[in-house]
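Per Swiss-Prot, topological domain 'Extracellular' is recorded for 1-10, 70-80, 147-176, 260-267. If you look up Swiss-Prot, you'll see 11-33, 47-69, 81-102, 124-146, 177-201, 236-259, 268-292 marked as transmembrane segment, on the strength of sequence analysis. Per Swiss-Prot, topological domain 'Cytoplasmic' is recorded for 34-46, 103-123, 202-235, 293-326. What Swiss-Prot records for Asn148, Asn159 is N-linked glycosylation site. Look at Swiss-Prot and you will find Cys309 tagged as S-palmitoyl cysteine.
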Amino acid sequence: MPPYISAFQAAYIGIEVLIALVSVPGNVLVIWAVKVNQALRDATFCFIVSLAVADVAVGALVIPLAILINIGPQTYFHTCLMVACPVLILTQSSILALLAIAVDRYLRVKIPLRYKTVVTQRRAAVAIAGCWILSLVVGLTPMFGWNNLSEVEQAWIANGSVGEPVIKCEFEKVISMEYMVYFNFFVWVLPPLLLMVLIYLEVFYLIRKQLNKKVSASSGDPQKYYGKELKIAKSLALILFLFALSWLPLHILNCITLFCPTCQKPSILIYIAIFLTHGNSAMNPIVYAFRIHKFRVTFLKIWNDHFRCQPKPPIEEDIPEEKADD
């Protein structure tokens, strides 16, 4: 017999489905844009594709699993654990992709003349692969023992049951809060976020320093270059800000759960925090469309060619510098 779904759960499911319906097509469009436009093939956009892949997976995999967990089916402990781990993997992948983007932008303004020889497509691919491998290690750590199995087994045996525990599948029931706070948040979320803030502050400082230099007749190109870098850096810093704004509330709630077990957390706050984390996967394509000219032009080209059946001339691969990003 299927589980009873309350009106509140139905509303929750409806919002989650809406987020998924925005996230998946939006991020597929980002990947599509990079594929069809040669001007979007540098290292930064490769890292953006990695971020978009993680966001597609959030909409196509994590949100359906979150809905399943919310309904609360009875499952074996390790089955529930496998359902809970993908969100950890994808979150870590997003963080590392954002860090790679920040480092890439720093190198573009710190060593502009040597950038293309230092940051090659091959090295970018290796960095992306490394990010995903590390994300798998961090996200799958609960599968290798850092979980709540011992506590669940004690309660299972105390009730006179045998075999692997069967539980109502809930995230906090299988994932250890010590893992979430001490390992996930304090090691793999908070330090990278703080490092990215420092990197972007340095990027803005270096760009402002260059832009404040006296402009001579021969310095037009550097001024244009750093002006473009400033616009892109602002857009990518906005992506970082939205990510932090979306994920920090849930991690703060996890800290409250660990350090103040008797403290009551209103359900509405928990749901808002969950919506923010999932909704973040739908935000990035919107930011790209409104803030990065190359993406906006390519999105419109794809829309006109494939959905309105009104082909336009091929995308210009070398967009003029003054219009590259507005």
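Heads up, the Cβ atoms here are built off N, Cα and C, so glycines get one too.
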Determine the most Cβ-crowded residue among the glycosylation sites Asn148, Asn159, using a 10 Å radius around each Cβ and all protein chains in the structure. Asn148
Can you tell me which recorded stretch out of 11-33, 47-69, 81-102, 124-146, 236-259 has the most Cβ pairs within less than 8 Å of the transmembrane segment (177-201)? 236-259
Please work out whether the transmembrane segment (47-69) lies in contact with the transmembrane segment (124-146), by counting C-beta pairs under 8 angstroms that are 6 or more apart in sequence and asking whether there are at least 3. yes
The predicted model's mean pLDDT over the topological domain 'Extracellular' (1-10) is 74
Measuring Cα to Cα, how many Å separate Asn159 (N-linked glycosylation site) from Asn148 (N-linked glycosylation site)? 17
At a C-beta cut-off of under 8 Å, are there same-chain residues at least 6 beyond the topological domain 'Extracellular' (147-176) that contact it? List them, or none. 68-69, 72-81, 83-84, 88, 257
Same-chain residue ranges lying at least 6 outside the topological domain 'Extracellular' (70-80) that approach it to Cβ under 8 Å: 3, 5, 9, 12-13, 143, 149, 152, 164-170, 173-174
